C-alpha cells in the first residue's frame, strides 16, 4: 500500500521533533503485514520501475463443483486447496529466470524445515539443473529479520534431515550462509539488491 | 495420457496392414484432447527428460468463503474465477526465462484476438522488456494445425486492432510470421524445437 495525500502526492513520512524521519517506524512497527503482502508490494515496485517481472503464482485449487448461474457468472461451490508442486514466486530479470519460495516462522533460534514440501525441493533442484536462479526468503517474524538463502544451502539442510539429522535450520547457519535483506520502504524487501551482488544481473 | 499395456510396457502403436505405424492416427484422430492437456504432457516430458522446467500456472480464484470442517480439511464453499493478470505458462531452459500463452480457435481462416486480454499483452511486453523469451501457441482446432508466434508479432496485430483495424489475425499472417509446430507423440507439441531454432538455447 502506497500512502498518498488526497491530492495524489506521495506520503514521504513526517519529521518528528528531533527532525528525524519516522515514516519507517510508523509503517514498520507492528504493521501486521505478512511476508506475502510485503513481497507482493516489492514485486509491484520492481514491475513499476522496470527492474524485474516477478509474480506470485495463484494458490492451486481442486475445483469439484461450479454453478453457472448465468452466462457470465460462474460460482465455485465446492473446491479444495491442493499442495503446490512448485514454488510460489517466479519471473525474469535481464533474461534470467528467477524462482523462489518465501516462508516465515515465529521461532527465535531456528527455521523449521516442515515449511517446505518434498515437491518444492524437487522443483527447486530441477530449476537449478536448468541454470535458473533459485533461493528462499526466510523471515523471523518476531525479530523482523529477513534472509535470502540460496537453494543449494536449503538442499544441504533438507538432505541432512532426510539422513536423520535435525528438522530445522539453526539461525546461526542461516546467518552464516544466507544474506540479510534489510526491510525498507520502497521496495520493502529488496531481494534483487542481494541477487545483484551474488549473480551477474 | 501415456498408453501402456497391462504389464506396464509402453504402447507404441500397432502396425497396420501396410506395415506403417498408425499410432499417431489412433492417438490424434479425434482424440478430443485439449491444447492444455497436450501442453501439460509436453511439459511433463520436458521435465522428465531434463530439457526444460515449464509449468502451467494455477487458475486464479477469488475465495470468498471457506469452511474449516476439521483441523486438516478446508472446503472452499464460495469462490469466483478471476481474470489472469499474466500468461498461463512460464519456466526456464538453460537459465533463460520462457513465458507463453496458448489458445485455440474453431475458426478456419483467422485467429480472433479476443482470446487475449489487455493484461496479458501488458505482461508479455514487460517480459520482453526484461529479455525474456515470450510467444503464443495458436491452434486451429479443426485442422489440428499449431503455430508458435513470437510476441512481437502479436503486439503488432494487437496494436493494429487498437488502431481500428481487424479484430483477428489472418491465418496467412500466422503462416507467414509464425512457425508451425508438428504434432507428435512424445513430446506432443515440441515448441522447444522451434525455440532452439530461434534463440541460442
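The backbone N, Cα and C atoms fix where each Cβ goes, and this holds for glycine too.
No curator has checked TrEMBL annotations; they are predicted automatically.
Between the candidates B:78, B:101, TrEMBL assigns the Mg(2+) site shared with B:86, B:88, B:120 to B:101. Long-range neighbours of residue B:88 (Mg(2+) binding site) (same chain, six or more residues apart, CB within less than 8 Å of its CB): B:56, B:57, B:100, B:101, B:102. What surrounds the Mg(2+) site, by Cβ distance within 8 Å of the Cβ centroid and not counting B:86, B:88, B:101, B:120, is the set B:57, B:84, B:87, B:89, B:99, B:100, B:123, B:124 from the same chain.
Using a cut-off of under 8 A between C-beta atoms, the recorded positions B:86, B:88, B:101, B:103, B:120 that neighbour chain A are B:86. Classification of residue B:120 (Mg(2+) binding site) by DSSP places it within a helix. On a Cα basis, residue B:103 (site 'Transition state stabilizer') lies 14 Å away from residue B:86 (Mg(2+) binding site).
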